[in-house]
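Q: Annotation source TrEMBL lists Zn(2+) binding site at A:CYS29, A:CYS209, A:HIS234, A:GLU238. Per TrEMBL, the feature ATP binding site maps to A:LYS269. Residues or ranges marked as coiled coil by TrEMBL: A:414-441. Sequence annotations record features per position, and here TrEMBL assigns domain 'Cysteinyl-tRNA synthetase class Ia DALR' to A:353-417. Annotation source TrEMBL lists motif ''HIGH' region' at A:31-41. Per TrEMBL, motif ''KMSKS' region' is recorded for A:266-270.
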Amino acid sequence: MSLVVYNTLSRKKEPFIPLEEGKVKMYVCGPTVYNYIHIGNARPAIVFDTVRRYLEYSGYDVHFISNFTDVDDKLIRVANETGTDVPTVAQKYIDAYHEDVCALGVKKADHHPRVMETIPEIITFIEQLIEKGFAYEAGGDVYFKTRNFNGYGKLSHQSIDDLRIGARIEVGEKKNDPLDFALWKAAKEGEIFWESPWGKGRPGWHIECSAMAKKYLGDSIDIHGGGQDLSFPHHENEIAQSEALNEAPMAKYWMHNGYINIDNEKMSKSLGNFVLVHDMVKEHDPQVIRFFMLAVHYRNPINFSKELLESAEAGLNRIRTAYENVKHRLTVTAGLGTEEEAWLEKTAALKARFKKEMDDDFNTANAISVLFDAAKEANVYLKEDNVSEKALSSFIELFEDISGVLGITLQKEAELLDADIDALIQERNEARKQRNFARADEIRDLLKEQNIILEDTAQGVRWKRA
RNA sequence: GGCGGCAUAGCCAAGUGGUAAGGCACGGGUCUGCAAAACCUUUACCCCCGGUUCGAGUCCGGGUGCCGCCUCCA
């Protein structure tokens with residue numbers, strides 16, 4: 001049993017064999033930082049964070065790079081509108097990105113390169129493309145000669161002649177062929193710029209990823225990821241630039257996540273039907289958002305609505321409760337189990353199933369179903385009078401392994417009971433012994449008002465925070 | 001015009017040849033002083049029409065509907 005990955009290049013699932021044994025180099029296109037991210041932007045962050053976590057769980061040494069596009073037309077516009085400058089705008093939204101994505105359980109990449117820090121490498125890259133005859137300067141701009149790159153369209157499976165080339169011509173551009181795309185753009189009056197062999201200007205959009213991937217990971221990487229909408233033209237152009245220069249495959253596996261839809265339509269900034277993560281997390285547990293997204297296979301679209309999020313929340317709570325209840329049982333005096341082996345076999349089987357599902361192109365939806373089955377089995381086990389510490393621990397380990405890979409925290413806020421609350425629980429226990437249920441219920445209600453839920457079990461009172 | 005995706009129970013969603021995972025919601029039952037949590041249990045003509053096959057949600061052909069990319073977009 002080994003990992004297979006769906007590769008956009010071949011449109012097939014392929015066995016995952018990294019270029020260098022035991023090591024994975026991956027690059028994921030990050031956001032253009034001119035605004036807060038919406039939940040559509042959050043999907044690739046969550047998906048590829050999960051891919052990375054699973055690769056690490058599987059024993060790979062993962063080198064993960066994700067960029068920030070911090071110079072472009074939209075940043076310039078926002079800077080002008082707000083009376084600040086591009087670096088200020090960029091820094092604001094980079095900080096916001098980290099904050100949002102951290103709430104969603106996304107680990108930081110090994111490095112988050114920015115265009116502004118990569119200008120020398122970008123310029124060198126372009127110079128070399130010109131030397132090799134793949135690019136030309138035109139009035140301060142530099143363009144890539146698309147038709148010179150044999151293999152253009154191999155990622156999106158487009159024939160170069162079938163593209164609606166008319167749509168690519170923009171007013172005032174100096175390209176020779178409508179298919180050509182900008183590597184370097186001459187600065188307009190008042191725009192942020194860098195000095196270059198072609199005068200003052202800034203990089204085009206696609207070149208940054210080619211330059212950064214090369215700088216941090218080398219000429220060929222294992223996994224290149226991003227949203228489906230990047231496959232054309234962005235990734236196609238990256239391939240053209242990088243492979244024209246490096247004469248080596250840019251990436252072995254190209255992975256693309258599906259969109260988030262609202263009312264069955266793609267969520268996008270231009271349609272205005274987006275929900276910002278920044279706002280979302282004020283109303284919903286960000287962990288629920290992550291759980292909700294991972295409950296669907298990453299290549300399929302997700303329809304987003306508040307109702308669906310709430311139903312996901314109910315599901316996650318079921319898993320969390322089961323996990324907490326197993327932990328609770330571990331704190332009370334545990335009897336000696338006689339069927340320990342059978343339960344250890346069950347948890348081992350569930351773990352094997354989890355790996356099998358994740359090995360199949362990161363099927364997190366099925367991985368989550370394993371988590372539900374684990375919750376079910378754990379709940380059944382908890383009904384037994386005698387349980388073993390070993391079996392309980394194997395459940396805990398199972399829950400933590402899976403949730404760790406999915407990047408979901410099962411543990412609720414671990415706060416100690418106040419002495420007052422503790423005393424109330426004791427008092428209620430006394431009242432119950434004396435069958436003074438009125439007082440017992442009164443205390444339970446009192447605690448409920450403070451979001452402490454009491455549950456009477458055969459092993460004593462169990463409590464949790466609502 | 002070119003390229004591609006999707007259509008599975010009330011809702012969400014897995015499932016690429018052997019007779020439909022899982023979740024949410026709903027109904028019934030069990031446990032409980034009452035609850036909570038949980039367990040058991042009911043609910044699917046897999047969009048339509050052909051074809052291949054001993055056997056198809058799963059492969060092939062043809063429809064229908066929805067969505068996306070080809071233009072900044074995760």
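Glycine residues also receive a Cβ, built from the backbone N, Cα and C atoms like all the rest.
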Q: Non-local Cβ contacts of A:LYS269 (ATP binding site) (under 8 Å, 6 or more apart, same chain)?
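A: Counting only residues 6 or more apart in sequence, the Cβ neighbours of A:LYS269 (ATP binding site) under 8 Å are A:ASN35, A:HIS38.
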Q: Report, as numbers and ranges, which residues of the same chain sit near the coiled coil (A:414-441): CB under 8 Å and 6 or more residues beyond its ends.
A: 447, 450, 452, 454, 456, 461, 463, 465
Q: Using the CB centroid of A:CYS29, A:CYS209, A:HIS234, A:GLU238 as the Zn(2+) site centre, which other residues of the same chain sit with their CB within 8 A?
A: A:HIS206, A:GLU208, A:SER210, A:HIS224, A:GLY226, A:LEU230, A:HIS235, A:ASN237
Q: For A:HIS234 (Zn(2+) binding site), list the number of other Cβ atoms lying within 10 Å of its Cβ atom.
A: 18
Q: Where among the binding-site residues A:CYS29, A:CYS209 do you find the Cβ with the fewest other Cβ atoms within 10 Å?
A: A:CYS29
Q: Looking only at Cβ atoms, how many others are within 10 Å of the one on A:GLU238 (Zn(2+) binding site)?
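A: Cβ-Cβ neighbours of A:GLU238 (Zn(2+) binding site) within 10 Å number 27.
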Q: Mean pLDDT across the motif ''KMSKS' region' (A:266-270), rounded to an integer, is what?
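A: Result for the motif ''KMSKS' region' (A:266-270): average pLDDT 87.
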Q: For A:HIS234 (Zn(2+) binding site), which of the three DSSP-derived states applies: helix, strand, or coil?
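A: DSSP call for A:HIS234 (Zn(2+) binding site): helix.
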Q: Reduced to three states, what secondary structure does DSSP give A:CYS209 (Zn(2+) binding site)?
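A: Assignment for A:CYS209 (Zn(2+) binding site) reads helix.
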